[in-house]
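Step one of this worksheet: look at the structure below.
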């Protein structure tokens, strides 16, 4: 009796070859851009002490974190983001050159409720600069991410930014207390989702003055001019094309202390934010006891890939460029020789292992999206000839075995 | 009071920029070779149902596997290798082109006793071919791995191979029972480690005839000739340079059913096997209920990297090629312009964010192994000139700002 096929865990995904090839390409491009901006790669363990991660991500994080006891009785957890492990790394290696500019592209795990576009294992692409409070560092993080989106051809996109310090000083001027500032920010941050009227209502319910929003708006407009101009100049200077100051952008994470920003795709606004970040000058101290300014951002790869797919930017990927068909067991040495020559010429080439019927071999090649088939029976072999079939254009030519590489290459490019 | 610096978990590692750059390079090269051999990338979740992984890796695997209950009360485990998840994938997607040739380069987790060169999180680089029992597929897996080692310049290396079917038939001819075959293989597999005398003793203790080893040796020599010749021809045809039939090679994993093989570095034999694999025609059925032949191999990246380091193949890696020094806050727009031009020309370039003392900036650049510094004060800026310092050769030239890209490139290459 057939066994039941074992299942993948809910909220997790397999990446089959075509998807994984596309994902690999995107990851490679992002890495290259981050390196172009002077960020170096870092890798950290999937597991950390729970003591490190616990209490850093609010109530939600506490619930969604995968945590357990390991064989040695240690309380451990799967990493929930790449920022807290970065803080640990920064504290562990005091000799790192400062400011420390690193990028990390790696999985994080969150036991989120599975729903469309939400997964329990997700790749984050993070850039961070630790050890400087320069506003140029803020602009560099944004610019590096913008350059990544540009390279990926996501269409026109916009970075919205705000500054928590500005928000803080404006609200303080309006005599809003420290605790109320936090609830004000949380409510206003929902403006995009729930609309202005609902925000007004919520603020009233929370005990704010009736006209707090318009007062905030006016005072922010007056207070932000110099900051906005400086940031826009820096961003333009670093190659960012479209940016917008958004006084209502707050971002959820409590730990931001300065700039906050978010990227949106103007052709796919329904995807919401495809990346964002901000300055977090207190987090490193909270984690490690070392007071250190820091700024960083993160590209959510999964949402971005979904958008790229809808934008038709991701073309079907080919695994093997060339397949050598198997027509005759006795020709195995000749086939292997062809195969090895193709590979030595830098081509991705595979062999059909059994001398099966030709249409079965064609079907296999088509399923794998292969571009060229090398077809040689004993007649051709005797004459040192070989047939090349372009599987996309369905054209076949016969060439001298000695010209094989040149001919295949001209078919591919 | 300073907090205690949070620790990394025992048996886990951080990969700081220089190490991670080296590791990334090696991974990229291995991927390229695997793709050249017609293998496509696959990715699977870090977590699987324990039901899938349990009972697949013997007693040791059971002890070393990280397992726990998730938030939904499911018994889950961190993947222990890449082979069992592959079997699940194969069963889950019946439309995959067959044979299914995939590679996967990913972490696995084992709560091993931490000791030199043993880690609890390790990267495996696997190639597998599922759905054919062709001996050419056996040879292809070996050849793909051999090509990877060659590309990585590990020095001369050798692949040792044997065939479990041969061993089985020879021992059956010698009237060894099925169970005794398993213990014979386990004991003989230790020959390299404990020597022939100790193997002889153990076999005696296990109740084998006194001359079982010499009988086995003789009969294997006679029975293996045809097989060895065929395999050697296939391997040579696929570009493998050094191979050796080793009748005592068994490999630990119980699930092998045909060819077994191992790679050793002849210049660094102390590293032992840096990779290996074999045919496992029953594992897919055991996992999924679908009888399917399969063959695969795995490169242990960590041991390989350690060997490459000792062989001095890994050179110090550079993060940023160019750094733009910060001499004057007022020149920020000019600096950003230079920076953006360098990046648009494809160079990895960074900026020193604060106008700190020059020797501090030099120190930072040297710590990061940067190659060229762009140095421009207000005097140079007025004349549209810029100083370029080659940080390796400690030479400095002054060039026109308009020639900057060309001059930097000529310094780098």
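Positions of Cβ are set from backbone N, Cα and C atoms, glycine also.
Marked as domain 'Aminoacyl-transfer RNA synthetases class-II family profile' by TrEMBL: A:1-333. Confidence annotation: the domain 'Aminoacyl-transfer RNA synthetases class-II family profile' (A:1-333) carries a mean pLDDT of 92 in the model.
TrEMBL lists A:81, A:82, A:83, A:110, A:124, A:128, A:251, A:255, A:256 with the feature L-histidine binding site. A sphere of 10 angstroms centred on the C-beta of residue A:83 (L-histidine binding site) encloses 25 other C-beta atoms. DSSP classifies residue A:83 (L-histidine binding site) as helix under the three-state reduction.
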- Message: So, three-state DSSP: helix, strand or coil for residue A:124 (L-histidine binding site)?
- Response: strand
- Task: Would you count the other C-beta atoms found within 10 angstroms of the C-beta of residue A:124 (L-histidine binding site) for me?
- Result: 19
- Cβ-Cβ distance under 8 Å, sequence separation of 6 or more, same chain as residue A:251 (L-histidine binding site); the residues meeting this, in order, are A:189, A:260, A:262, A:276, A:278
